[in-house]
Ligand code: APR
């Protein structure tokens, strides 16, 4: 029996399913993954050098400009078939939880509820000094195609600079998010890991934590990312095609 058949069997028997998603699930929506080369205005920048507190201290206008551009990119994007397949599965009575590393809101816009964002969200900037959450006015959220440098707005409470409400390298994950993730990952029958390279800790530990708790882990990726465990299945392909095929195999029509 091949891994798709085994994955169907596992899903048929499951009552609690967790989706653990990475940038690959949003790729079909036109959002570049973290390992994709950047294009246009940002072609000469390396994302991994823009996504640190030090980079923000050094050049707040560049880092803020980068995140404003990404926020704009996400606002122009639409959820893809994979996001809809995830939210549609919840309507079949299965207990579904979504734990994502992504900072876009495509799961929510596809109808998924209570999404756990391990690495924060583009939608929720906060003050770099006092950490108070902030809402941007339409003018503050506006981006232009010409400039990369945008001075961040100031916090209404302490006048500190606003920063993106995301987790940067070397920063801790939001405590509430990690706890919420652990409570569903340790209690699920099946964890479906979709579109993640599994390189950034501690999120990358999640499939192993699920395996250790007795779950079956189904990886969905363009390449083989399986860890070699016994209860792991590897479905190689585009998430936007693999997920509808997998759910169709257990009688769940496409969203
Ligand atoms: N379908 C399935 N998988 C895909 C698709 C697709 N259409 N397109 C790309 N992928 C896979 C790639 O093969 C890769 O394994 O998605 C993965 C994307 O990997 P990354 O770009 O490393 O993204 P991610 O795993 O989410 O990164 C984790 O790293 O940079 C930090 O905080 C950032 O949350 C991010 C974290």
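Cβ atoms here come from the backbone N, Cα and C positions, even for glycine.
Record features, source TrEMBL:
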- 1-255: domain 'Deacetylase sirtuin-type' (DOMAIN)
- 67, 70: substrate binding site (BINDING)
- 101, 102, 103, 104, 195, 196, 197, 221, 222, 223, 239: NAD(+) binding site (BINDING)
- 119: active site, proton acceptor (ACT_SITE)
- 127, 130, 155, 158: Zn(2+) binding site (BINDING)
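Here the features listed in TrEMBL are placed on the structure.
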| residue | record | contacts (Cβ under 8 Å, 6+ apart) |
| --- | --- | --- |
| 70 | substrate binding site | 103, 122 |
| 101 | NAD(+) binding site | 21, 22, 23, 118, 119, 196, 200, 203 |
| 127 | Zn(2+) binding site | 134, 155, 157, 158, 160, 161, 162, 163 |
| 130 | Zn(2+) binding site | 155, 157, 158, 160 |
| 197 | NAD(+) binding site | 22, 24, 34, 35, 225 |
| 222 | NAD(+) binding site | 24, 236, 237, 238 |
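Local packing around the binding-site residues 103, 155, 158, 239 was summarised as the count of other Cβ atoms within 10 Å of each Cβ; on this measure the leading residue is 239. DSSP assigns residue 70 (substrate binding site) to a helix. The record gives 127, 130, 155, 158 for Zn(2+). Within 8 Å of the mean position of their Cβ atoms, the other Cβ atoms in that chain belong to 128, 129, 131, 132, 156, 157, 159, 160. The separation of residue 195 (NAD(+) binding site) from residue 67 (substrate binding site), Cα to Cα, is 22 Å. Taking the Cβ of the residue listed as 'active site, proton acceptor' as centre and 10 Å as the limit, one finds 19 other Cβ atoms among all the protein chains shown.
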